[in-house]
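Novice: Pulled these from TrEMBL:
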type	residues	note
DOMAIN	A:4-248	domain 'Endonuclease/exonuclease/phosphatase'
BINDING	A:Asn7, A:Glu34, A:Asp147, A:Asn149, A:Asp247, A:His248	Mg(2+) binding site
ACT_SITE	A:Tyr106	active site
ACT_SITE	A:Asp147	active site, proton donor/acceptor
SITE	A:Asn149	site 'Transition state stabilizer'
SITE	A:Asp218	site 'Important for catalytic activity'
SITE	A:His248	site 'Interaction with DNA substrate'
ACT_SITE	A:His248	active site, proton acceptor
Amino acid sequence: MKIATYNVNGINARLPVLLRWLKESAPDVACLQELKAPQEKFPESAIREAGYDVIWHGQKSWNGIAILSKVGKPQEIRRTLPGDEEDVHSRYMEAAINGVLIGCLYLPNGNPAPGPKFDYKLSWFKRLTDHAKELLAQKTPVILTGDYNVMPTDLDVYKPERWVDDALFRPEVKSAFHALVAQGWTDAIRKLYPDQKIYTFWDYFRNAYERDAGLRIDHFLLSPEVDKRLIAAGVDRHVRGWEKSSDHAPVWVELKGA
DNA sequence: ATGACGAATCTTATTCGA
């Protein structure tokens, strides 16, 4: 089973690129973030014509996540992250597909830091960590994937010294990520490529992609029951070079079995 | 500190992203 995550930066602006990538990469499951579309403006028929069942949670202007599957209808478990009834951002969605629980997430950016947006990022991270602990306790196959908006180490940043005060790289955020992983999750890309410079995002400015001035912020965390099935993982970085691309590239894992 | 780019919106300017 091949599972992918892709921050599309606007599902309607990205539709041709998304469909092209789905056809080329043919993931069984795809988690999307930053739909930037209200619920009723999601291009459902185009996705279904591409062969995917889909559930999504849109929001006007910002955020929004979706889970696509061509190996059975996603059985939705939840479409909000527990822990704050007042949080109305569409940033988390969870579904069971083929016996694997898949959490699709878009963690807040948090800039500028410090400030209320940074506080929201940290509290969202805390809620995710609390929820992740409960998922792990079930001792079933679980994947938490998406745009974490965190570069976990210096190896994940083209120029670490320029990012020290940024909300994606501040010590509080890196420690939150490491604490989450330390519950017992496996960072799939880092497990298979412990020493390689691998990026998933290149901003639109200053020819960042051409200069390979990138960041690794889209991650796959695997529960032990999934980790033992991990065969391969990678980034479809060439997709970032396509016309009208997102600023992120898709990331994927391949698991043993259906 | 700002801006470079791109997307969305109560658009011709502003907000957000990372």
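Every residue gets a Cβ built from N, Cα and C, even glycine.
Unlike curated entries, TrEMBL annotations are predicted automatically.
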Novice: Compile a sequence-ordered list of residues in the same chain as A:His248 (Mg(2+) binding site), six or more apart from it, whose Cβ lies below 8 A from its Cβ; state 'none' when nothing qualifies.
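Specialist: Sequence-distant Cβ neighbours: A:Tyr6, A:Asn7, A:Val8, A:Asn9, A:Asp147, A:Thr200, A:Phe201, A:Ile217, A:Asp218, A:Arg240.
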Novice: How far is it from A:Asn149 (Mg(2+) binding site) to A:Tyr106 (active site), counting Cα to Cα, in Å?
Specialist: 8
Novice: Tell me, how many other CB atoms lie within 10 A of the CB of A:Tyr106 (active site), whichever protein chain they belong to?
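Specialist: Its Cβ has 27 other Cβ atoms within 10 Å.
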Novice: Helix, strand or coil by DSSP: which one applies to A:Asn7 (Mg(2+) binding site)?
Specialist: strand
Novice: Give me the sequence-ordered set of same-chain residues, not including A:Asn7, A:Glu34, A:Asp147, A:Asn149, A:Asp247, A:His248, with a C-beta within 8 angstroms of the centroid of the Mg(2+) site's C-beta atoms.
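Specialist: Neighbours found: A:Asn9, A:Gln33, A:Tyr106, A:Phe201, A:Ile217, A:Asp218, A:Ser246.
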Novice: Sequence gap of 6 or more, Cβ distance under 8 Å: name the residues on the same chain that satisfy this around A:Glu34 (Mg(2+) binding site), in order along the sequence.
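Specialist: Listed in sequence order, they are A:Asn7, A:Val8, A:Asn9, A:Gly10, A:Trp62, A:Asn63, A:Gly64, A:Tyr106, A:Asp147, A:Ser246.
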Novice: Would you count the other C-beta atoms found within 10 angstroms of the C-beta of A:Asn7 (Mg(2+) binding site) for me?
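Specialist: A:Asn7 (Mg(2+) binding site): 26 neighbouring Cβ atoms within 10 Å.
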Novice: I'd like to know the mean pLDDT over the domain 'Endonuclease/exonuclease/phosphatase' (A:4-248).
Specialist: 97
Novice: Using DSSP and three states only, what is A:Asp147 (Mg(2+) binding site)?
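Specialist: Strand, per DSSP.
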Novice: If you count Cβ atoms within 10 Å of each one, which of the recorded positions A:Asp218, A:Asp247 comes out on top?
Specialist: A:Asp218
